[in-house]
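Among the features that Swiss-Prot reports, Fe(3+) binding site is placed at HIS78, HIS80, HIS248, ASP323, with the record citing sequence analysis. Annotation source Swiss-Prot lists Zn(2+) binding site at HIS78, HIS80, HIS248, ASP323. Taken from Swiss-Prot, the feature 4-imidazolone-5-propanoate binding site applies to ARG87, TYR150, HIS183, GLN251, THR328, supported by sequence analysis. If you look up Swiss-Prot, you'll see TYR150, ASN325, GLY327 marked as N-formimidoyl-L-glutamate binding site, on the strength of sequence analysis.
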Amino acid sequence: MDLLIENARLVTMQEGEQGYLPSPLARVGIRSGKIVALSTVTKGEDSAETESTLNPDHYEQTIDLQSKLLLPGLIDCHTHLVYAGNRANEFEMRLNGVPYEEIAKQGGGILSTVRATREASEEQLIELALPRLDGLLASGITSAEVKSGYGLTLQDEIKMLRAAKALEQERKVKITTTLLAAHALPPEFKGRADDYIQHICDDIIPLVAEEKLATSVDVFCESIGFNLAQTERVFEAAKKHGLHVKGHTEQLSDLGGTTLTAEYSGLSADHIEYLDEVGVRSLANSSTVATLLPGAFYFLRETQLPPIELLRAHKVPMAIATDINPGTSPFADLTLMLNMACTLFRLTPQEALRGVTQNAAKALGYGESRGVIEIGYDADFSIWDIEHPADLSYQVGAKRLVGRIVNGEYVSHGGL
């Protein structure tokens, strides 16, 4: 549908300070899901050609934003949205002093989610994911990445990826899928991590690539996950089959996973609390984005902060995501992550907003088509009843989203 947006205060998130400051009242022309024209309405500023391009008579639908703020659609670039089971009881047990080792002995931890996810059908996984997705949509997202990683068998990982892709048919949202079979060691491979990695490389990755079920492959490279050599084997297999790579790296220790991810031109290295300057320099010398996950940091009551000042000094792009998952970040609100990134990690509101727009798009490989309001980019927007973009990081709980536009189609979240 061709759509004309009128009387919008634009926050384009283009490079520089100007991209963060709301514009005077402006118009945006959309055709075939793309932005085709941008204009302020200051008399005499627009060329005759621009005025013609933005003529309301040339559009099927016109929306008057009545001075509301128009931002790029927010992007959640790291989620574990699809899973079955509930681990609220573990949350309560931990707060009553039960150590994680004891919880795991009682059948809890990540393997409890694996069991529940294996038992669920694809349709059940979709149904369970929708309320979580609805929470993210209510926080202004138009795109989300969704990982597998709770199946840990060929059949169940594929089931998860299919469920994730099916979410696009249920809601107005763009879903990008990532294979995370190397998330944990399944019980069938206990004590045989190398054999499991071989299974991922020989069996799971080729089929996922052949059926186009994911665009990226991720690995939990950590002392309690998979080591550098195992991670590199997965990265090699992913590259061989034309898939991007990403890494869960330096969350609990400094293994060098971020540097490895950068060496393989990974889209992003995520968590990175224990990242050192060598790792930061590797990011600076690559196109790999540093993705911050403040929800997990908060929920786990971590104390090791990611190296924000080093990332700034080396001009490494920083993205922010919910990391929504049942064990360490049960948060379905991306704007809450903006607040956490500012209060816990001391990002500025501008850095935080760029982390869920321009830099989040880069973390998914869409840096040339999403995350910025610019001619030629996807017509994905979020519409807000706020005075300034900093309000998104500053306020928590107020429902300020008016609507979203996905591929040029308007979705009301309270209406105009």
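Glycine is no exception: its Cβ is also placed from the backbone N, Cα and C atoms.
Distribution of Swiss-Prot features across the structure.
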residue	record	CB count, 10 Å
HIS78	Fe(3+) binding site	31
HIS80	Fe(3+) binding site	26
ARG87	4-imidazolone-5-propanoate binding site	21
TYR150	4-imidazolone-5-propanoate binding site	30
HIS183	4-imidazolone-5-propanoate binding site	24
HIS248	Fe(3+) binding site	30
GLN251	4-imidazolone-5-propanoate binding site	27
ASP323	Fe(3+) binding site	27
ASN325	N-formimidoyl-L-glutamate binding site	26
GLY327	N-formimidoyl-L-glutamate binding site	20
> Which ones, of the binding-site residues ARG87, GLN251, ASN325, have a Cα no more than 10 Å from the Cα of HIS80 (Fe(3+) binding site)?
Replying inline: ASN325
> Within 10 angstroms of the C-beta of THR328 (4-imidazolone-5-propanoate binding site), what count of other C-beta atoms is obtained when all protein chains are considered?
Replying inline: 20
> Just the number: how many Å between the Cα atoms of HIS248 (Fe(3+) binding site) and TYR150 (4-imidazolone-5-propanoate binding site)?
Replying inline: 15
>> On a C-alpha basis, identify the one among HIS78, ARG87, TYR150, HIS183 that is nearest to GLY327 (N-formimidoyl-L-glutamate binding site); the candidates are the binding-site residues.
In response: ARG87
> Can you tell me how far the Cα of THR328 (4-imidazolone-5-propanoate binding site) sits from the Cα of HIS78 (Fe(3+) binding site), in Å?
Replying inline: 13
> Of the binding-site residues listed here (HIS78, ASP323, ASN325), which is spatially closest to ARG87 (4-imidazolone-5-propanoate binding site) when Cα positions are compared?
Replying inline: ASN325
>> Around the Zn(2+) site formed by HIS78, HIS80, HIS248, ASP323, list the extra residues of the same chain whose Cβ is within 8 Å of the site's Cβ centroid.
In response: THR79, LYS147, ASP270, HIS271, LEU293, ALA296, ALA321, ILE324, ASN325, SER329
> Expressed to the nearest Å, what is the distance separating ASN325 (N-formimidoyl-L-glutamate binding site) and HIS78 (Fe(3+) binding site) at their Cα atoms?
Replying inline: 10
>> Through the lens of DSSP with three states only, how would you label GLY327 (N-formimidoyl-L-glutamate binding site)?
In response: coil
> Can you tell me how far the Cα of HIS78 (Fe(3+) binding site) sits from the Cα of HIS183 (4-imidazolone-5-propanoate binding site), in Å?
Replying inline: 14
> Among TYR150, ASN325, GLY327, which the record lists as binding N-formimidoyl-L-glutamate, how far apart in Å are the two most distant Cα atoms?
Replying inline: 12
> Within 8 Å of the Cβ centroid of the N-formimidoyl-L-glutamate site residues TYR150, ASN325, GLY327, which other residues of the same chain have their Cβ?
Replying inline: HIS80, TYR83, ARG87, ILE110, THR113, GLY149, PRO326, THR328
> Max Cα-Cα distance in Å among ARG87, TYR150, HIS183, GLN251, THR328, the residues listed as binding 4-imidazolone-5-propanoate?
Replying inline: 21
